[in-house]
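These notes concern the structure reproduced below.
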2 protein chains.
Amino acid sequence: MEKRKIIAIDMDGVLADTDQHFLTWYERDYGVRMPYESLLGKPEYEAFPVEGAIRKMVFTPGFFRTLPVMDGAVEAVKSLMQDYNVFIVSAAMEFPNSLNEKYDWLAQHFPFISWKNIVFCGDKSIIDADYLIDDHCKNLDNFKGKPLMFHSAHNVNQNHHQRVKTWAEVLTAIKEHHHGIIEKID
Amino acid sequence: MEKRKIIAIDMDGVLADTDQHFLTWYERDYGVRMPYESLLGKPEYEAFPVEGAIRKMVFTPGFFRTLPVMDGAVEAVKSLMQDYNVFIVSAAMEFPNSLNEKYDWLAQHFPFISWKNIVFCGDKSIIDADYLIDDHCKNLDNFKGKPLMFHSAHNVNQNHHQRVKTWAEVLTAIKEHHHGIIEKID
């Protein structure tokens, strides 16, 4: 039997819709509803007019705990788990206040993922997996397996990784890549 | 220039002297000072007469935050960091209450370790490193690099990995292994 391939999945911007949460909290705190389009192509920390707004949000208790789930993520991860070993790999160490919130968020929205398959880290170069689904090129660039760049406002101008725009596209991309490998072996 | 090798280091039983902490807390809670020798060769959860004592301790707030540092660990890690990329890799997900305590403990005792080099995980098979220093065979058995088993009361009867009894022995073992590889290449 073929050994199960390992898929590593990022949280912020991939399982969780961080962009929508930024827009919602920004409106709540500063009274201005910014259009999604205003975020396009900007590093997250420079995407809003009020300087330091993002940094303040990510260090506010509750931010990570209340993130909305990305459309289609729950069903897609369940589907991938039928054929792959799925690990959640989040760069949570940058925001130590987020550790427990992220753990509780996963327990609420993805209760079918075992604690054995959760990784909170800093630098993701230490992760050994066959696929990495992430919205940040800094994580994808040094990955040894197949990188998939999850579409996000901040990465619209990055084009050196295969882009997946939705969770449906993730499933298709992995299926096609996997079949490509098997055909090469056969 | 040769790329820096990566050393992954476990926390409990390796950077932190968990056995001593179990003995201290057991005496505090149950009034009996068990001799260290009574722990030898027993799985940690079965090492004390009162059933469930260990489980109760590891779920008590403060347990992980107040662990004593293993003799020689601070200086040895500093020394290794001169020549290697050192990552701290702890199976903290088993005890989610420990996440913040472990982070704060590292910040206090190993402030020279960047958040980028800290990994809290469950199953360590996803870790890609050249060395793993750990006291549990379940972590060492599937490791793809060079495993070093840090001596602990519970592992005295395990002999299928190279045993290192102290942090001084860790430094020697890594030096000798590294030189062995270089000689083979030359």
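Backbone N, Cα and C define each Cβ position, glycine as well.
Copied over from TrEMBL, here are the features:
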ACT_SITE  A:ASP10  active site, nucleophile
ACT_SITE  A:ASP12  active site, proton donor
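Its Cβ placed at the centre, A:ASP10 (active site, nucleophile) has 21 other Cβ atoms within 10 Å. Within 10 Å of the C-beta of the residue listed as 'active site, proton donor' there are 25 other C-beta atoms, taking all protein chains into account. For the recorded site, the residue listed as 'active site, nucleophile', the DSSP three-state label reads coil.
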